[in-house]
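Visitor: Okay, handing you the structure first.
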């Protein structure tokens, strides 16, 4: 008689002679593993699903526009390449019949970034845009603003950020000229987004067409291709209009993360439009590419994908058509829900339905958790055990990351999300416990319903999955999508957030917490992990991490390289400043930086102004930067920047002249300031470093600004002038000495001047 192996189980008994609990069967665990693997594969494939462009929309021509513009090279404000790009966009827009097209240049203005990046004021003049308007079928219904930016970060061609969107908008003019929507369409190709949304503010506050805007569709990029993702949507009626679409991806979770946390460090034109447009309650969507964030703001952002172009065209046309049924005047509300299921269909419901559904699910889950536990006290204990299990998973992965940061930092970066999962999932899995998490999820879902949080849909899905086994796969899909999106954005992003943050521990904590949450939706493990095996696996992972490269040429290290000349009143010098933007600092660059000396000065004082490289305030996140002595940079025939102060009593007149990109740092007891030509200047706000920061930008090669300051006591003023597309022999020599995996990414290499004066 043949017997199938593993089918017969030996009976065991406990100390009282009763039957001991059987080990959890492996069959259900295998089914869950298969379901998780299928959900992961479906999520990855959904991000790569080909979405065709609408009939009549020439996606190939849109991609051609993007390639032609990318061939111009980096396009920063005030540079000839940007002017050439705007001229190309103007010429192509004028080919569209019935379109009213103009090249528009702003007057002088100022935007208040009160809490963004530590707080500063952006003053601008003569920023350029191309504005095109198509009349809709109905009169007096306002307009939908379609926006994309044509400028780029320094040293970046910006094919995905944001030329692909520019190409789509140029072809959208052609498409909608033959398929007129109900409302007017205003297409804005703006030329100053990378300088912190200056063109968006200028259009919203100075252009006459801004009065007509009812909705905004902003096309952005935080990556390089893939499928676009709707990550901002401020109004419930707009989100409900997206319900049922089969071409878009998005989630209210991203909207609420931006609104609650991320707005302090990341902004787009969409947020500036909603804040500055004359009409209150403007709605719309913010759409961005998320895939391959490694190319973002680097010289590698050259790829124009026809598949991504067609997908973005489909999303744009679908959103514009769905906005036709949305009324103009509606309040901005919160608590509504929208999310996509595997990129196939968008699910959405109102805030009222969300409160009822999430509240009912939380109540049902709490009742069932009480029944399973046997008493309220035991249900509370079950909640505590589940919460501790999730916390332990995150803590274990973070601790492993802390060890990794000492031995081999950033080794997850080059491998992307798969490498992060391979490194940090095992410690989370070995430590986490199998607990009944119904009480935990019910509480989270109930709090979401109570505080009107739309992202509670994810907790609701978990509750329903734990209540009904047939819904468990849906809950797993929802959470695997969330984990994939968060990690896909976070892993490349954490390579450029500064060197003070413990990045390895942060990635470990994120992976561990997500793994702990997803584990609550799976059955118990067939058997607990063997301690000896667990230790061996972790040791093997450390050895493998030490052998793996942290960076590659395709996924390079982020550095800022600046050739600086400093005029500090009592001394003058010049050199190369090298600033790392990740936790490994300058490890592995000893050969190229052998002559460098560590920067050892007060990071908030003007001599260390480059903790604000290119008007970006870095004083609180950068550590490990170095200085190499070098000859004064050649400005290629341009005049040096100048700073002059004149004081009468408590009034100080500050006169500034220099290139298109400058910033002024004031140290003193400043009571007020005003900028010549700006009608209403924002109030000065002291930053945490004890200084006042003003970014100065204009659309010409040579700019001048005048600032009137009221101050008690002495005033110290430093002017930093930047030439983002200018290079020098010293910079090029340093760049050649760097290994291929350290390419001077992000702001790259450029020339700066510092002038310090005091009165």
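Cβ atoms here come from the backbone N, Cα and C positions, even for glycine.
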Visitor: Which stretch, out of 370-388, 389-407, 560-578, is listed as transmembrane segment by TrEMBL?
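Guide: Of the candidate stretches, TrEMBL labels 389-407 as transmembrane segment.
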Visitor: Using TrEMBL as the reference, determine which range in 333-353, 501-521, 585-605 is annotated transmembrane segment.
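Guide: Per TrEMBL, the stretch marked transmembrane segment is 501-521.
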Visitor: Look up transmembrane segment in TrEMBL and report which of 440-467, 608-635, 636-663 it refers to.
Guide: 440-467
Visitor: So which range, 275-296, 297-318, 473-494, gets flagged transmembrane segment in TrEMBL?
Guide: 473-494
Visitor: So, do the transmembrane segment (533-554) and the transmembrane segment (389-407) meet, by the test of 3 or more Cβ pairs under 8 Å (sequence gap 6 or more)?
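Guide: In contact, yes.
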Visitor: Where else in the chain does the transmembrane segment (389-407) make close Cβ contacts, counting only residues six or more beyond its ends and a cut-off under 8 Å?
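Guide: Same-chain residues near the transmembrane segment (389-407) but 6 or more away: 423-425, 427-435, 437, 440, 502-513, 515-517, 519-520, 538, 541-542, 545-546, 583.
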Visitor: What average pLDDT is reported by the model for the domain 'Peptidase M28' (130-312)?
Guide: 92
